[in-house]
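K.L.:
Structure provided below as structure tokens; questions to follow.
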Amino acid sequence: MIRRLQDSGDLVRAFPRVHFVGIGGTGMSGIAEVMLTLGYEVSGSDNSDNVATRRLAKLGARVMRGHSAANVLGTDCVVVSSAIRDDNPELMEARSQRIPIMPRAAMLAELMRFRRGIAVAGTHGKTTTTSLAAAVLSEGGLDPTFVIGGQLLAAGANAKLGGGQWLVAEADESDGSFLRLNPLMAVITNIDADHLENYGNDFARIQAAFAEFLQRLPFYGLSLLCIDDPEVAALAGRTPRHVMSYGMSENADVRAEDVVQDGPRMRFTLRLPEGTTTPVTLALPGRHNVLNALAAAAIGWQLGVAPGTIARALENFAGIGRRFNDLGEVTTSTGARVRVVDDYGHHPRELEAVFAAARGGWPDKRLVVAFQPHRYSRTRDQFDAFAAVLSTVDALVLSEVYPAGEAPIPGADSRALARAIRARGRSEPVVVGQIASLAEVLPDVLQDGDLLLMMGAGDIGYVAQHIINNGFVGEPA
């Protein structure tokens, strides 16, 4: 049947049904929620049931467990996560029925088409920076739409359709999909060697992709670049777009001065381009989070948010799920009282930043880390760096690698990593074969007063929550 489009206001009515394959993923669920709010009939499928799928179902989405060709019948468009294989039965059925298939990033680009887009890219810090930017713009009365790769705790969601003209979203470089976006502002937090498997194991191709990302800006667009990162600083010198820099360097346009850590908070002086200085107390620990806050402050300043309002947003920021998420204290079966922090960090540079934040905030505590490596390829590519940074903690428990769909790689598993750490002579790692057994092993390692960091991008976060809810007994459901 040929459908008639009378005007742009009829788009939802003309093509109302959108189906998401892999709807439970952080990037997918956020887009699905925005489209639900726009009035689309949203359905989706996922192999797992999680907080995101339950929230979407409560909001009115039709969510199916598992993948089946029948799930896409009657839909007008299929949105697919990059984690989904081409032979997925829903994709095969959509092709046979000639239903349009949109990659996740392409649908995000469609949403951005109807707003003024701010895209936050970088190997590390995207989620926190995007969340802080959304908080600053919200505090400034701009009511932005946001799509974030983690749960913004104040909103209880990772996405919201705002009434304002700005949309702020993460731009995912991991698979090159950020090159589908056409924002008005582009942030680059840092550039590091990660996801090399998607770039032919060639770091130069990652560098080139970020350069191309800035080329997606219109001639009147703005690049917001962290010049404390050497790779980003090099890019700033050769990008043919307007550039505004941020960082702790003296030549940064937006910079932090007199930075000190006060427990779980950071205090600094925010210096803006016209010379205005404002004291800031950031409700997040670590110098890396100061840089994330500077990017958000630069965005706010560009859009006319007052310095005092920026500072208030940063001080009142409630945090993001699994980004140095202080879950509180719990008592082990041996009577030790420990503080548990859950964090998504899974790259050596992220681990180093989180360890520094933990030691800066709790210098008198022993730092105990439970780490679940993420992907065999990353463990192989960053093996020496992982061994170096993990050997700096007071006690370490390693679970087996979370494969994320990868086949095992010889010499890139947790036992090999433990041997490399042990050879450095600074710690004696404990290796747990199954992540479900982690909670029962930890009491043998923990002492009273310890700070326990639960880290990784896999399912270790469920173990952290299980420990808070049930103690160090049993296995996560």
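Glycine too: its Cβ is placed from the backbone N, Cα and C atoms.
Feature annotation from Swiss-Prot assigns ATP binding site to Gly122, Thr123, His124, Gly125, Lys126, Thr127, Thr128.
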K.L.:
Within 8 Å of the Cβ centroid of the ATP site residues Gly122, Thr123, His124, Gly125, Lys126, Thr127, Thr128, which other residues of the same chain have their Cβ?
P.N.:
Val120, Thr129, Thr189, Asn190, Asn292
K.L.:
Do you know which of the binding-site residues His124, Lys126 has the most other C-beta atoms within 10 angstroms of its C-beta?
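P.N.:
Output for this query is Lys126.
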K.L.:
Taking the Cβ of Thr128 (ATP binding site) as reference, which residues of that chain separated by at least 6 in sequence fall under 8 Å from it?
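P.N.:
Same-chain residues close to Thr128 (ATP binding site) (Cβ under 8 Å, separated by 6 or more) are Leu284, Asn289, Asn292, Ile320, Arg323.
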K.L.:
For Thr128 (ATP binding site), what is the secondary structure by DSSP, using just helix, strand and coil?
P.N.:
helix
K.L.:
Per DSSP, to which secondary structure element type does Thr123 (ATP binding site) belong, with helix, strand and coil as the options?
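P.N.:
Assignment for Thr123 (ATP binding site) reads coil.
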K.L.:
Just how many other Cβ atoms lie inside 10 Å of the Cβ on Thr123 (ATP binding site)?
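P.N.:
Its Cβ shell of radius 10 Å holds 22 other Cβ atoms.
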